[in-house]
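A.B. asks: TrEMBL lists these features:
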- 1-26: signal peptide (SIGNAL)
- 50-71: transmembrane segment (TRANSMEM)
- 102-123: transmembrane segment (TRANSMEM)
- 135-155: transmembrane segment (TRANSMEM)
- 167-186: transmembrane segment (TRANSMEM)
- 237-258: transmembrane segment (TRANSMEM)
- 270-290: transmembrane segment (TRANSMEM)
- 302-322: transmembrane segment (TRANSMEM)
- 328-350: transmembrane segment (TRANSMEM)
- 393-416: transmembrane segment (TRANSMEM)
- 429-452: region 'Disordered' (REGION)
- 434-452: compositional bias 'Polar residues' (COMPBIAS)
Amino acid sequence: MPQPTDRGWAWMVLLAAVLLQGLTLGFPSCIGVFFTDLQHEFQASNSETSWFPSIMVAVLHGGGPLCSILVKRFGYRFAVMLGGLLSSVGMVSSSFCKSLGQLYITAGLITGLGSCFSFQAGVTALGHYFVRWQALANAMASTGVSLGFTLWPLLSQYMLDEMGWRNTFLIFGGILLNCCVCGAIMRPVQLASGSLVQLPRPGEDSGRRQNRKTACFQMLQKYLAFDIFCQNKGYQIYTIGVTWMMMGFVLPHVYLVPYAIQNGVEERKAALLISIIGFINIFIRPLTGLLSGHRIFTGRRIYLFSLAVLLCGLSNFICIISAEFSVLIVYCVILSIAMSGIGALTFQVLMDVVEMDRFSSALGLFTVLESITLLIGPPLTGLLVDITNDFHYVFYTSSFLLISAALFMGLSFCALEKKRNLKETTKVPLDNPSRYQYNDTPTEPQPESQSTPAVVYVTSI
């Protein structure tokens with residue numbers, strides 16, 4: 001067991017994780033503020049402009065395998081600090097861009113990749129520092145996203161009015177360097193024997209002696225967890241559901257501000273809508289973490305997650321009814337409550353589904369697949385808006401994707417649990433059935449004198 005856990009320096013690491021998630025996952029929330037100015041600057045359509053935040057968010061999620069390699073080879077501290085440096089360089093370079101194509105590379109690719117390294121390595125570090133309080137720690141860390149959602153849009157609108165988008169991007173480059181400070185706090189966890197849990201074991205490099213094809217296959221299996229995807233039905237269902245969900249989840253964050261402005265809402269008030277979502281998240285996410293961490297929800301967090309996704313999808317119909325500022329505030333309140341559940345539980349459910357020693361690899365494949373839908377969702381919807389000149393299709397599309405994903409995950413896990421219970425009635429009773437949650441792999445009966453090995457890592461408080 002890593003020492004120390006759930007105490008001491010672990011709480012400083014949690015504080016660093018909060019700041020990291022605010023600087024990385026929270027950062028794309030401010031892009032909608034610059035949407036109209038970038039359109040005018042580069043004379044671009046909705047679809048062309050939406051590629052900028054799409055690339056950033058897709059790379060932020062899809063760079064997981066590269067982050068896994070960095071964490072395995074050099075440790076999560078190095079990965080976080082490298083990510084902070086890349087994010088800063090990307091935003092500073094963006095302030096000098098002369099075309100949207102250049103912005104795709106600098107702010108989209110470079111900043112997105114840097115944010116990915118910092119964020120995902122920070123999540124991995126948090127998993128090593130917390131065991132008993134892991135559900136609460138994940139929920140508390142996700143409040144950083146809420147802080148980012150609250151502060152980034154307000155700061156962006158103020159700086160955009162005062163100095164323009166180019167100087168704003170330049171200053172953002174300096175702010176994102178704080179990821180390096182957070183990385184410095186995340187010192188390697190020590191085992192009882194004194195070895196580091198994040199360093200590779202001596203046998204991990206044996207694949208280099210084999211031919212290139214075999215080594216490539218081993219690397220894909222190691223960092224993308226295809227074996228888990230094929231064998232673990234719970235991980236398979238969850239990954240497919242979240243991948244489908246993400247195509248609709250990101251749409252309101254990109255188009256809410258332009259939608260409000262088009263319907264006569266003042267720019268400052270439109271930017272305030274995103275901040276309202278983030279502010280409410282600050283208080284709701286920890287409560288969600290405490291609730292989901294209760295032992296009664298052990299093995300059932302996926303149902304809470306599906307319920308949050310369903311509420312998120314249903315809330316979009318409020319925007320369809322009216323675009324009045326007061327109505328949009330109601331929408332933001334309901335959306336933020338649903339987002340709190342999604343944000344607090346996304347990685348906790350993944351930790352429930354897979355073993356912690358394979359979490360980094362499982363996270364890599366998980367984020368690669370969802371990055372594909374994150375990349376294509378906003379541009380395709382933007383193309384639909386360009387054709388119809390109607391922003392209502394953004395919320396219709398988002399609702400359909402979110403509701404269908406929620407029903408798929410909830411019903412699939414319900415069927416999987418019934419199938420597992422049916423199998424257990426024909427086998428030797430297990431000592432601790434909750435440890436086998438979400439795993440559909442057949443389990444051989446064990447002799448009474450031997451204890452049954454754990455298959456799935458489940459945390460509770």
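Note that Cβ sites are derived from N, Cα and C of the backbone, with glycine treated the same way.
TrEMBL: automatically predicted annotations, no manual curation.
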A.B. asks: Out of 50-71, 237-258, 270-290, 328-350, which stretch touches the transmembrane segment (135-155) the most, going by CB pairs under 8 Å?
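C.D. replies: Of the candidates 50-71, 237-258, 270-290, 328-350, 270-290 scores highest.
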A.B. asks: Considering pairs 6 or more residues apart, do the transmembrane segment (302-322) and the transmembrane segment (393-416) have at least three CB pairs under 8 Å?
C.D. replies: yes
A.B. asks: As a test: from 102-123, 270-290, 328-350, 393-416, pick the stretch that has the greatest number of Cβ pairs under 8 Å with the transmembrane segment (237-258).
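C.D. replies: Answer is 393-416, with the largest number of Cβ pairs below 8 Å.
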